[in-house]
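Participant: Below are the features listed in TrEMBL for this protein:
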type	residues	note
DOMAIN	69-104	domain 'NADH-Ubiquinone oxidoreductase (complex I) chain 5 N-terminal'
DOMAIN	130-416	domain 'NADH:quinone oxidoreductase/Mrp antiporter transmembrane'
DOMAIN	625-685	domain 'MrpA C-terminal/MbhD'
DOMAIN	695-756	domain 'MrpA C-terminal/MbhE'
TRANSMEM	6-24	transmembrane segment
TRANSMEM	31-49	transmembrane segment
TRANSMEM	113-129	transmembrane segment
TRANSMEM	135-154	transmembrane segment
TRANSMEM	166-188	transmembrane segment
TRANSMEM	208-234	transmembrane segment
TRANSMEM	302-320	transmembrane segment
TRANSMEM	326-350	transmembrane segment
TRANSMEM	462-484	transmembrane segment
TRANSMEM	576-597	transmembrane segment
TRANSMEM	638-656	transmembrane segment
TRANSMEM	700-718	transmembrane segment
Amino acid sequence: MDTSVLPIIILLPLILGTTLVSLLQRFSRGVTALGAIGVSLTSFGLLLTQAKTVLGGASIQQSWDWLPQLGINLSFRLDALGLLFSLLITGIGTLIYIYAYYYLGPKNSLSKLYLLLMLFMAAMLGISLSNNLIILLVFWELTSISSFLLVGYWSHYEAAQRGSRMALTITGMGGLAMLGGFVLLGQITGTYEINDIVGMKDLIQSHYLFVPTLLLILLGAFTKSAQFPFHFWLPNAMAAPTPVSAYLHSATMVKAGIFLLARLAPIFIGAALYHNIVTFVGLFTLCMAACFAIFKEDLKGLLAYSTISHLGLIVCLLGIGSPLAVAAAIFHIINHATFKAALFMIAGIIDHETGTRDLRKLSGIWQLLPFTATLTMITAASMAGVPLTNGFISKEMFFTELLASLSGSTVIFASIIATLAGIFAVSYSIRLVHGVFFDGPVGKQVPNKNAHEPPIGMRAPAILLATLCILVGIFPALLVEPLVNSVTRASLMQPDFAGTHLAIWHGFNAPLIMSIIALVGGTLFYFALAKDGMIRKIDLDPHLGRLQGRILFDLFLKHLLLTSRKIKQKTENGSLQSYLFLIIAFSIVMVTLPLFNQGLTTGTRELTHAPWIAVVLWLTLFSGCWMMLWFHHERIKAVLISGAIGLVVTMVFVTMSAPDLALTQITVDVVTTVLLLMSLSLLPQLTPYESRRSRRWRDAALAIIGGLGIGWITWLILTRDHNSISWFFAQQSLPLGGGSNIVNVILVDFRGFDTF
């Protein structure tokens, strides 16, 4: 078993892909496209070579030490869950490279798009193959950065600028929260290795840090996978080119949060807080986004909200957490990637050929794009959950698990919400087909009334995905059942899971009735809205007012910047006196806080009596400090007294038999004094501004409190027993510092920054 294949799979797009695209751009666009497609296919092929081993229940691991003292290693692992996501990333990515070649015009840089897509592909592969939480987080943030660049590809458009900033801000904040969760998880378990962590469920759930750990990780997952209330960044990211939307917002980036939930499911399942939050956040997102999708006027906006809705369905299933629910979630991940990527490509074809994707302008274009209309009907049927499509089976599984896993009034409420979401899904799917391709003759507002079918190369990726929707819908057990069951076992760490049977017909039961209600109700609801073109006139945004996600985000940024500006004006006011006050006050508080946990009483250790010379020197030091305060207006005297104080400190080191410290102190003191004297000529001749009396009293109080506090802390430390670390410096001075003079090594190496 060749484990070195794992980093190669990531490095192929990261290094070879980006380099190859950069070099080939000087040739034709076709050569550049072939290079990008070749790299993606190679990664896909390497993954397939490991499929037999991984789907058999084994895992492939490879690790290199990076920062082992901190538990951070370059650790990678390929199991069935990682294999599924990696195949989606590289497989859909290959189709996107083909599609993008035809979609982008000659005025747009194809090589720039390919380069950014390669970077994003590598980041997503890193997430799916990482076995170390910190390394996973690094790739997680790389997806945020690369998606920011991809969404802002057309940077001259204001919508692209706003959408990319919004996506980066929301997912970046979620990443910071997730970092906190990962650090806490590492504190609980003592490791960041995922394969070790997933086996510590009891330890993690019984720990007092479990709740904040769970909440922080869920924040990261919800922001990435566009769950309420963080869903609004996804529709605003539709300013990206359609190949970007088809890749990032259907099969890859928005699935990263779902992947994280599936990867960490073994440690969270069983915790009531996890099940309650994830199940009902997913359920609410499912219904809310489906409702909004119906009334969107932008074709990609409709698909964006439908994506949010389907992501909510998957999250809800992972929140239920039973083996069959997780299997249904895995199956719907596959299904959603196929029909949604195809639908985004179709939306791009419509926009590319007709010149618009505004649903208020589009109608009757089946006469112009009959083949595209057929592809749309197939994939939209899958999205709606029509029988004989893959979406129907996974929707049936969702209804089944919802009814089986919940009880009491909760199951009634959840069933109503799920059925309502199904009605909305059918409605927006019908609108996508009927409103664009039928609903009368070719619309008068269609910019290009001579639109025609695009080249076969542009349609080929959508054709392949639409074919999969039908084949998987008819032969699910043959095509994907082994994969779904293997991934479920890997996700739950339950090798004895018997598996689920995927079939078209499960009998006449409650889930089937819910599906029938959704299909019939959704059809009636849409045509009731579409009567006399009413649906084209309905706009929900004015009714939401300031509650719109975009507006709330803008307000949040406005107040954040305003608050930060006020804080900056208060803290960064150019006054060294204010800076020193804050630094000293903060230092005193931070040093004192730990002592309150241990009490403020003195210890029992006896201290040696100070020799008379030490007493004289310390009195001299005190007198020098007082004189410096007295003569602080007379600069030369103040500098000279400061130098004299340094000499007194040097004498203290001498009396304590520390010649190295004394030599260091006197050298630093002399150099500092000379530099200060030389700099006096650069200072203004005016007498420094005298502070207000209130500020002088404040500074005096701080100085007295600080002096007494540090003195008391020193006394407490000296009179209490404590563990000495001197042995460490004595033992490690030569092997770590390369020197036998312990004091020198401490000054130069161990505490080099302090010395500096």
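Residue positions begin at 1 at the first shown residue.
Cβ from N, Cα, C; glycine included.
Whatever TrEMBL says is automated annotation, not expert-curated.
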Participant: Find the member of 69-104, 130-416, 695-756 that has more C-beta pairs under 8 Å to the domain 'MrpA C-terminal/MbhD' (625-685) than any other listed stretch.
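Facilitator: The stretch with the most close Cβ contacts to the domain 'MrpA C-terminal/MbhD' (625-685) is 695-756.
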Participant: Tally of helix, strand and coil residues over the domain 'MrpA C-terminal/MbhD' (625-685) according to DSSP?
Facilitator: 51 helix, 0 strand, 10 coil
Participant: Which residues of the same chain, at least 6 past either end of the transmembrane segment (6-24), have a Cβ under 8 Å from a Cβ in it?
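Facilitator: Answer is 31-32, 35-36, 39-40, 42-43, 46-47, 60, 62, 74, 76-78, 86, 111, 114-115, 118-119, 121-122, 125-126, 129.
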Participant: Under an 8 Å Cβ to Cβ limit, what residues of the same chain, 6 or more beyond the ends of the transmembrane segment (113-129), are close to it?
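Facilitator: Non-local partners: 6, 9-14, 17-18, 21-22, 32-33, 36, 39-40, 43, 76-78, 81-82, 85-86, 89-90, 93, 96-97, 100, 104, 135-136, 138-140, 142-143, 146-147, 149-150, 153, 241, 243-244, 247-248, 252-253, 256, 259.
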Participant: When the domain 'NADH-Ubiquinone oxidoreductase (complex I) chain 5 N-terminal' (69-104) is classified with DSSP, how many of its residues are helical, how many are strand and how many are coil?
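Facilitator: Counting residues per DSSP class in the domain 'NADH-Ubiquinone oxidoreductase (complex I) chain 5 N-terminal' (69-104), I get 26 helix, 7 strand, 3 coil.
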